[in-house]
Amino acid sequence: MASEREQISRKVALIALIANLILMAGKVFFGLVGDSEAVFADGIHSAADVVASIAVLAVIGISNKPPDQDHPFGHGKAEVISEAIVGIILVIVSVYILIEAILSFVKGPSVPQYSALFAALISYVAKEILYRYSIKQGKKWNSKAIIAIAYDHKGDIVASLAAFIGVLLAIIGNSRGWSYLLYADAIASAIVAYLIFKISMELIRPSVDVLMEKSVDPELIEEYKAVIFQCDQVKRIDRIRAREHGHYKLLDVRLSLDHDLTIKQGHDIAREIRNEIKRQFSDVEEVLIHVNPYFEE
């Protein structure tokens with residue numbers, strides 16, 4: 001039976017998939033009918049979001065599987081892979097939109113219609129709601145997959161806002177005879193491309209760090225040390241390493257205890273420390289503790 005975390009993750013991803021399908025169809029249609037490069041480009045972005053949502057749905061079940069013989073540390077990194085996939089998709093989309101914006105400058109500006117303006121506005125409102133919901137659930141369940149979806153929605157928010165402003169300026173320019181404002185739609189497309197690329201980097205960089213097993217923040221290491229030193233028998237921490245493994249963390253600790261202690265006493269102390277760390281840090285999945293004998297110098 002799926003855990004509550006997995007059920008919520010699937011629900012968020014499914015809502016994102018359905019919303020992106022509807023918004024994609026609407027923005028592509030009204031972008032073409034309403035003669036707006038920016039809204040059409042935003043629609044292509046939503047098409048990529050559909051692919052991203054499917055990718056996230058595919059890995060949610062995998063990431064929540066318990067450890068097995070082939071994957072003794074669990075499957076948490078599957079979420080990180082989905083985060084990287086979403087980031088790569090957004091890079092491709094940003095490049096495509098930028099190329100289309102440049103071509104729009106070359107062939108000359110078009111005059112967007114009000115239908116394109118309303119499509120951008122509806123997209124902005126819908127994505128704002130979806131972002132707030134997704135980021136809340138992502139942080140609550142410490143899910144990189146859901147947070148990736150939230151960042152994707154965030155990209156749509158700024159993209160739809162830029163498209164709305166660009167279309168509005170172009171419409172105003174056409175009605176007032178200010179021809180230079182007709183280029184606002186194409187400029188908005190270029191801005192959309194930049195903003196999407198920026199958000200893609202916010203997804204790719206941390207996912208690469210996790211896949212390369214970068215250490216957690218030094219401040220968090222100090223918090224782990226403070227918990228360990230709560231045990232009076234600990235004479236010294238020889239080494240402590242911690243890394244993210246998707247939605248949970250793994251710790252490797254070497255510490256020194258008095259050399260007169262028996263193996264059982266050392267084992268019991270290590271178990272108490274392990275349990276206390278996991279009690280205080282709910283996202284810590286495993287703590288491997290190696291005990292060294294301590295001699296007074």
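Glycine is no exception: its Cβ is also placed from the backbone N, Cα and C atoms.
Because the structure is a prediction, the values reported are computed rather than measured.
Feature annotations, courtesy of Swiss-Prot:
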- 12-32: transmembrane segment (TRANSMEM)
- 43-63: transmembrane segment (TRANSMEM)
- 85-105: transmembrane segment (TRANSMEM)
- 111-131: transmembrane segment (TRANSMEM)
- 155-175: transmembrane segment (TRANSMEM)
- 177-197: transmembrane segment (TRANSMEM)
Tertiary contacts of the transmembrane segment (12-32) (same chain, 6+ residues out, Cβ under 8 Å):
38-44, 46-47, 49-50, 53-54, 56-57, 60, 115-116, 118-120, 122-123, 126-127, 130, 133-134, 137-138, 145-146, 149, 152-153, 156
Going through 111-131, 155-175, 177-197 one by one, which has the most CB pairs that fall under 8 Å from the transmembrane segment (43-63)?
155-175
